[in-house]
Structure formats: structure tokens, C-alpha cells
């Protein structure tokens, strides 16, 4: 079937900011799909609100809009661009919901815009719980007994009929948002009410729980000719009851008999054909481990995180194929880009095992509920490939970057056998390590299976790893055991620990015994056909399929899994680095472990190694490829932390030298740099013991900003105001030592600003100065930013530029550097320098239209900025205003406090662009999910220290016509200052209080400033939690409130009586 000739222009909707449930996989799929459509000759218009993506680069689509993903803005773009068709299946749940809204609005029909790929009817049949159930019943495909509830009363009634336990599943939500397994009616009341509020169609499914069944997934493709195939089969290590994104997942399936596999495969193919989906779909099924009974759990009629995993696990580019199917091509017409010879209709065949392990944010949020269930909590994931399950699992464990290299890196000696068994259910993020520890103690596979419902096949594989552990400890320096361990994924660092050697010594021993990994190709055809993919994984076998070319190469170290503090912006930088290396004539090699990202698309680089980002795994690739240099500037703290050990092993690092990286990262060395350059810096010292920290604090003076050295995303950073707080922090948050001192700084209040600069050692260019909206004390990664600067005076800007230039020269910067300042009493103080690409790089690159990562790479490869037409200095600002706003995922982590401070908490970002600040702010707030009401009720609950500042803001709300509500202390203060205010009671009281007011929909905005000594169980914390739970815009920084007021004021008209006041 030839591709469609009746359409010329296609609008592609992206997925917006990174949140828990919707991460970098949609940048990968959106980029793939857009390029695929352009490859076929179509004009592509792309809209997304997230600047930290490759898909919003101007070369990805013919027209790129960075605008809020809301109905009004999409409609404006549709009217302006007049596309012939709309593709909404590669932008996650956000794009699907928008497609539904656009169709219901009538604009698609009005402008004669066709929905490509999966039609609205199919989307509704898969997403609407009632229609899905009806379709499954018509197909005679079993679904768990369930009822649709549209009210709380219906939910309770249906649950009583079905019987507990039940699963509550809200319709049209993302990542299982609002979903939960419920044991009783009291729990149901809370969960169902929340689910109905979260569902855009006010609908929840009350479903009989089948927790404990095996969870199986199929990624399925279908074209317009009804050709369909299974791209990948995936099995969850964890049984039904844990969201698949929070499960360890294995591909291909491991424990099914041929009969079971064919039965489920047939069901999946029957469903995609019945839905008439054209493109890709993810189908989740539950199989009774003791019979052939199975149930259909759900169908995702779009590209998903599982699709990205399946694409990387098999090499089959699902989003690319889905885009081609959407414009009319059929699977038997599309060439498989992996082989270059076979067609896309052939099902991939795997001669290896891929394992995915989720990356959770619990290292950042100690107070978070670690229990795993039907609502996802992972921010990202890693994938590893091996010849067997054991190898892939061990490689995935060390890819997580949580300090674990093997199964014995987390043990539970403080727990008895029974206590540890009991901890298996409900499951937490540590269950895998708990299982290993139980097996180590001699607890049987049967006992663990009975408690956890994890299949005995997987438990037996873990036991095999425990047995190898024991053998290694018993047979020190035994080469035979070493070989077995390496064939099963054990890293050098773990074996060296067992044998009481340094890692370097074990590496030398391996080399002496000629024990090296070889690299096998991921080819989709299990070696049956020749393949041209440059996509490899390591294994300890004989034949190496990755052959070194004569052309000189450069290795780029990726950034690993998405987590808070290190997001998709670093993958953006990695991809741009690769492009520049290729343009310079070198072979670009990428090593990374993240299946969601564009950098791990095999078509991006000349060679891709899907490997953990550890010293051993990176050195193994370097030994084979012998690159002319290695780039660590774009992989965030992950790559920077490898720099020293790589150089110590004789690796040449491109860009800023290791010595100068360390001078910027090590506090004492950096203090000497600041002193030498005569720059201003908050007074501070380091401490290596608790006693020393208390002594330093007295010298520096409270309040203090405390943080460990060498951290990412402000982890374990805190503002303390007294000796007791400091003592508690030192005991709770950090492991202080001579090697890892704690930094203790005077906390200066003031506006923050930052600079990203580019230097070749001679010419230094500054694209722009970014000014933060929130003052010092809120982590820079959580602070809204504005470019160009709006409020910094010329003198302050010159101070910043002078300091940045001096630092770049003194640190011999080759490439990128990020410098952060606090402006205190018109003096610019240097607070931090990052000798690498920072998380602001995509934002400033998009705002200035300057490919900074590519330019930095060219500089690292020896080019001079002067030869490229640049002169030292600050570049002329753009005429538009650009605002970066942050997005948080507190609704997925209900026990995490939503107040902002020096510890980073955001998961993603959006950008607002317009001709003036107020309009750009409006777009940024809307894109970040804030509801902008022209009037309503605003709650003030303010700590004493902030009341005076809050008063001015309250007056502005009053002028706009907002009704002021407040808690007792704040209410008295506002009343004393002659403002009308309604007082609310304490949460413990029966009268109307902030929490019940929010639940009743009576509050449109909540402004909460916490006290410095606020206890965990406080009204303030409960108010913040209720705002998140009820979707009420919450502000914990008065600076953000002022910016929001600027938006409200710009959108309202002033009304005043002409006879008001004295005119004389």
C-alpha cells in the first residue's frame, strides 16, 4: 500500500515535561517519529513544552513550537499551521488526552484535520474502562470482574458486591496515577475519591484484585492491511500488583511454556486487530501461575515506556515504524533498518536476555513511602543485556548508580529471618536485595516464593548468583571460578573485595590470564541474517563482533538513568556532542545504560555500547576501541565522577583537565582559587567530623547552608538555623569523613543568577545571564529562570561576567562551565562552579539559538572560537523573553514534603516564550500545570518571619478581587493591617479548615511558608499535602507568588471609581 499522497503536513504532539510516569522515552519516540515522517517527504510541525529535548531542536521538524500543551494553545497552532493530519500516539498520555479534547472541541472536524495512526474510537475503546471491558467481553477475552464507578457511593457499592481486595484504576490517567490495591471500605473511600478527582472523565474502575499472577507484556505492531506482529515479549519479575514501570522486567519471557506463550500471543494479536490500531500498542496480561487461566489487564494504544524498552531490547525501532504505518505504509513494505535487507514484518528474534531495573528517587527522599504498588514511583530505569539472566541482572544492578555493584551490597543483618521474610510483602525497592539475603541465609526458594509470589525460576537464578558468591569467597585467586563469575556478570570491584585486592590489581590479573569481554551485536534476527547495526553488549565468550575501524574515534560517556538532579538535559547534551564529533570527521562512540533516551538509539552514533557506566565497563570499551579521547563533560556527575579514575588508567580526557575539574569540585582547592582571584564568596569552611562542624558553625555564624562535597542535585543539602538542627543533620544526612568533608557556608539571602559559558582557553563567550525568580535557598534546579535578565542592574551583571571570565581562565576551561551567583546587597558572590554541561544547557541553547554542546565539542577537538567567528564577551540578548519553570511529581510521592529548599525535588521543566515577561511567565505557569484563575479564594498560611513581605502580596490579591482566607495567626496579622480575611480553623478542629476547604473545592491558590523548626506532623505539612492531593496550585516561595501575581495582573483590567479619593 503506497504512502498517503493526500496529506502534506502533519502536526506531532510531544509529551511535555519529565514527570514520574512520563520520562525521556517520549523524547526518543518523538524524535524517531518526526525524522521518520520527514524521511518520507512530509512537512512536520512539532509542539512540545519541554526545552530539554532533542525533539524540540529545529532540525527535527520543519516548524517547532515550544508552547504549553493545552487545548487553547494547540488550537492556535492548528489554526496557524493548518496541518492535514495529527499524530498523537508518540506523546504519551498527554498527547492522547489532547487528541481526545481536540476531537470533542470540534476543531479537527472544522479544519478537516485527520487523526493519524490509532483512531479516536480505538483510543476510547482502550482508555475508557467501560468501553474496554465491553470490547473484551465481545471478543470473549477474560478481564478481572469489575465495575465502572462515577461516584464514591457507586465505588463502595460495587466493591461490596465484588469483594475485597480490589484494585482502583482511574480512567485516562498516567502511570497508574491514583490507582491502588484496597483492602477495606475505609481505605476505598479515600482512594476512590482521589481517583475520581484525578480522572479527567471522573471515572474509576473497581476491579477484583489478581495480585500474585504473572504479569506478561507484549509490544505489538499492526498496519492498515491488518498485518500484525509481536515485537517483544516481556515478563515482569514482580507479579501483578506492582506497576510494570516499577517492576524488574525481562525480555524475552522466561517462564512460559510454549502453550502458554502462544495462548497469550494469540490474545494480544486478536486485541490489536479488534481495536483496529495502526501502529504500536502495549498489551498487559495476567497469567495464573497454576493454570491456563489468564486476564487482560490493560491496553496502551500508544508508544509507552515499555515501547522504548522493547525497542532497545530488540533493536526494532517501534516509534519509527509506527510513524511510517500512520502515513499508510505496510509492514511488508518497510525495510528493517537494523538489517537493511529484511522487512519490518519479521518478528525480532533474541539470542540474549535484556533486564530492566527501575531507578527510584528514594535516595533523594528519605521520607518517601518506599512501598511499591499500582501507582508508579520510578523516575527512570536502566537496561542491561547478557547471554543469560544472571549476567543481565548483575549488569543492571551496577548500572543503577546507587552504590550497588552486586547482590550483597545491601544486606539486612539487623533483621531476623522472619522479619526479613515479612518485609517481602508489601514490596519495596529493596526487595531484590532482600531475596538475595534470604537465600544467602539458607531460606528456601519455596518459602520465598510463597511470601513474594516471585516465580521460582527467577529465585533459582538468584540462588545461582549467591552460590557463585560463596565459591569466590572460598577459592581466592582461582582462575576457573573467576571465569565463571565473569560469565555471570560479576564485576571486578566485587570480586576484588572478596579477594581483598584493589580493583586495579584484579583487572591486571584478568589481563594476565587473557580474560576479556567480547562484544555481540543486537541485530533483531539472532544472527540469522547479516546486520549493519552498530549496537553492542559485552559477554565473556570467544568471538568478538565489534571490530575496530581505522578511522579515529571519540568516546562519549552518557549520563545513565533519569533521576532527580540528572535528567534528560544531559542526554540532550550527549546527542549534540555526538553530532559535532561526526561533523568533525571522527567516529562517535556512545556508552550508556538508559533505554529511554535518544543517545541509546543506535542510529544516532557510529557505535553504541549498551553497558553500565562503571570504571570497568568503560575501560573495557576503551581497551577495544582505543579512542583518541574521552568526553565526560556531557554526562552530568556520573561522567565527572569517572574522570579521575579514567585518567589514572591512562585515558586521555578531552576538554578541561582533571586537575582543574578537581580544583572546581574540591572545596579547599576552590577556596584558594577564589582567594587568588580576589572574588566574593559566602564565608564558609569545611568539616570532617561532627565536632569540627559544630565549631565551624560558631565561627561562620547562623543561618548556615550545609552540604556534602561532590554531590548532584543538592542531595543532602539543608539550611540550618541553630546548633541542634546542625547536630541532627550531621547524624542523619551525611557520612562525614576526611575523604568526604561537609561544606558549611554562611547563608546569604538574595536573588540568584547563573551563567553558562564556553571557552577555548583564549576566547570566552557568554550566551546570556539567567536570573532566578526564587531567591537563594531554593535549589537552582528547582528555581524558575528568566533570560535575558530583567532586574539585575548593569553593575551586578558586570561583576558576574568579570568573575566568570577570571574563573574560566584560572581553571583553564576548555569547553563548558556553569557559574552560579547569589546577589546580596548589590554584590555578586560566587556560590558554585560546575566544570561541565549543566542542566540549564538546553534552555539557554534554545533561548539563544546557539548549539552550545556542539560548539563545546568542536573546541575540545581543537577548533578555536575566533576561527568560528566568535569574540569574547556577553552575546547580545534576544528580543523575546524566555522563562524556565519546573515541574514536580509530588502526587506520585505523597509522603514527600513539597516545600522547596536547597535539596532538589523537580523532575522536569517547561519553557514559556513571549514578547514580554508577564506573557512568558503565563505560558510557563500554564505549561507546568498551574491553573490560572482570574478570581477565587487564596489561602495564606505564613510563618512570622515572612508576614511583612506576604502583606504586600495579599494586598495585590485583594486588588484583583480574590477573597483572602488565612489560618489563625496570619488572619490576625492581615486583619490588623485592614485587609478583609476569612479565618480557617486548625486541622484538628471540627470547623472549616484548610484541608476540608480544599477537598470541597473552595480554594484556588494556597500560599504556605513553613516555619524553620516545623515538625513532621504539622498543620503546614498537612496543608501542603492536601494541596498536592487536590490539585490546588501551591506556592512555598513568596518570590514565585510575586511572579504569579504579575501574570494575574497582566491579564486583568483595572477598575476604579472616578470619584475615589481626593483629586485635588
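Here the Cβ of each residue, glycine as well, is placed from N, Cα and C on the backbone.
Taken verbatim from Swiss-Prot:
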type    : residues                                                   : note
BINDING : 129, 169, 175, 176, 208, 210, 215, 241, 242, 243, 284, 298 : ATP 1 binding site
BINDING : 284, 298                                                   : Mn(2+) 1 binding site
BINDING : 284, 298                                                   : Mg(2+) 1 binding site
BINDING : 298, 300                                                   : Mn(2+) 2 binding site
BINDING : 298, 300                                                   : Mg(2+) 2 binding site
BINDING : 707, 746, 748, 752, 777, 778, 779, 780, 820, 832           : ATP 2 binding site
BINDING : 820, 832                                                   : Mg(2+) 3 binding site
BINDING : 820, 832                                                   : Mn(2+) 3 binding site
BINDING : 832, 834                                                   : Mg(2+) 4 binding site
BINDING : 832, 834                                                   : Mn(2+) 4 binding site
DOMAIN  : 133-327                                                    : domain 'ATP-grasp 1'
DOMAIN  : 671-861                                                    : domain 'ATP-grasp 2'
DOMAIN  : 930-1064                                                   : domain 'MGS-like'
REGION  : 1-401                                                      : region 'Carboxyphosphate synthetic domain'
REGION  : 402-546                                                    : region 'Oligomerization domain'
REGION  : 547-929                                                    : region 'Carbamoyl phosphate synthetic domain'
REGION  : 930-1064                                                   : region 'Allosteric domain'
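All protein chains considered, the CB of residue 748 (ATP 2 binding site) has 22 other CB atoms within 10 Å. A distance of 20 Å separates the Cα atom of residue 834 (Mg(2+) 4 binding site) from that of residue 748 (ATP 2 binding site). Broken down by DSSP into helix, strand and coil, the domain 'MGS-like' (930-1064) contains 56 helix, 19 strand, 60 coil. Across the residues of the region 'Carbamoyl phosphate synthetic domain' (547-929), the predicted structure has a mean pLDDT of 92. A helical conformation is recorded for residue 129 (ATP 1 binding site) in the three-state DSSP classification. The 10 Å shell around the Cβ of residue 777 (ATP 2 binding site) contains 20 further Cβ atoms across the protein chains shown. When the Cα of residue 242 (ATP 1 binding site) is compared against those of the binding-site residues 300, 777, 779, 832, the shortest separation belongs to 300. For the binding-site residues 129, 208, 707, 779, the greatest number of Cβ atoms within 10 Å around a candidate Cβ is found at 129.
Put simply, 832 is the one of the binding-site residues 208, 215, 300, 832 whose Cα lies nearest to the Cα of residue 707 (ATP 2 binding site). The least crowded of the binding-site residues 820, 834, judged by other CB atoms within 10 A of its own CB, is 820. Cα of residue 300 (Mn(2+) 2 binding site) to Cα of residue 832 (Mg(2+) 3 binding site): a distance of 44 Å. For the ATP 2 site listed in the record, the two most distant Cα atoms among 707, 746, 748, 752, 777, 778, 779, 780, 820, 832 lie 18 Å apart. Taking the Cβ of residue 215 (ATP 1 binding site) as centre and 10 Å as the limit, one finds 24 other Cβ atoms among all the protein chains shown.
In sequence order, 215, 216, 217, 244, 296, 297, 298, 299, 300 constitute the residues six or more apart from residue 284 (ATP 1 binding site) in its chain with CB-CB distances below 8 Å. Cα of residue 208 (ATP 1 binding site) to Cα of residue 832 (Mg(2+) 3 binding site): a span of 53 Å. Counting in whole angstrom, residue 129 (ATP 1 binding site) lies 53 from residue 748 (ATP 2 binding site) by their C-alpha atoms. A 10 Å cutoff on Cβ-Cβ distances gives residue 298 (Mn(2+) 1 binding site) a total of 17 other Cβ atoms nearby, all chains included.
DSSP gives residue 284 (ATP 1 binding site) a strand state.
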